[in-house]
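Inspection log for the structure reproduced underneath, given as structure tokens.
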């Protein structure tokens with residue numbers, strides 16, 4: 001049995017999961033967090049499910065070696081491809097995945113039209129289709145795949161004209177179709193909230209699932225008597241790409257400067 005003081009592993013294809021990591025640290029400040037950014041293999045959204053599963057297995061094994069008591073897949077595409085596989089491999093390990101916020105969006109919409117920004121992999125998945133079938137029968141859902149958006153966010157330049165232009169091109173058709181609720185279906189996209197605020201009317205609700213994932217992690221840790229006690233926990237970072245690149249982005253997206261180690265698998 002893992003100890004309460006053991007860390008929690010959090011992974012993403014890149015820096016997008018930092019939006020989830022921030023929610024976890026806000027809700028569970030005593031937890032020690034391990035974050036792996038698989039930047040050397042980004043973007044997951046354009047990779048095959050088998051490729052993504054293999055990456056997630058490597059990272060899960062690394063977290064186990066580090067003594068992690070739980071794992072968070074802070075990536076919608078990774079969850080779609082790998083969460084069932086990982087739960088089979090590690091049946092006693094608390095595992096939390098991501099899914100687009102279809103249920104709260106369907107409840108929130110007034111116009112009956114919901115827009116979804118997500119990766120191609122997420123939107124084409126059976127898991128996403130099942131979410132729509134379960135929660136969105138009474139609303140119109142318009143999906144917008146966003147190739148290239150993750151890569152621009154990974155640069156850390158959230159004010160670049162190229163990023164603004166690309167995002168505008170993805171959002172405008174959804175607004176034109178009457179969307180009053182917008183789902184951010186990728187953990188990278190919450191970093192675009194300031195840009196989106198200038199593109200969409202004030203009455204358009206923007207929904208993501210970072211806070212819900214943090215609450216689910218708290219529930220699972222509590223159910224397994226694994227919630228950390230005592231002093232505030234720290235966060236440690238690894239990347240499968242150049243560590244210096246992540247070091248430069250952390251102050252922008254994480255708002256802190258931390259050391260970054262190389263993850264070689």
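Note: Cβ is positioned from N, Cα and C throughout, glycine not excepted.
The local packing around residue 77 (substrate binding site), expressed as other Cβ atoms within 10 Å of its Cβ over all shown chains, amounts to 30. Taken from Swiss-Prot, the feature substrate binding site applies to 12, 13, 44, 45, 76, 77, 187, 188.
Summarising the annotation, Swiss-Prot assigns active site, proton donor/acceptor to 75 (among others). In sequence order, 11, 12, 13, 16, 17, 44, 98, 186, 187 are the residues near residue 75 (active site, proton donor/acceptor), counting only same-chain partners six or more apart with C-beta under 8 A.
Taken from Swiss-Prot, the feature active site, proton donor/acceptor applies to 186 (among others), supported by sequence analysis.
Residues 14, 16, 17, 43, 75, 78, 119, 122, 150, 186 surround the recorded substrate site, their Cβ atoms falling within 8 Å of the Cβ centroid of 12, 13, 44, 45, 76, 77, 187, 188, which are themselves excluded. Applying an 8 A CB threshold to same-chain residues 6+ apart, the list for residue 188 (substrate binding site) reads 14, 15, 16, 19, 149, 150, 153, 154.
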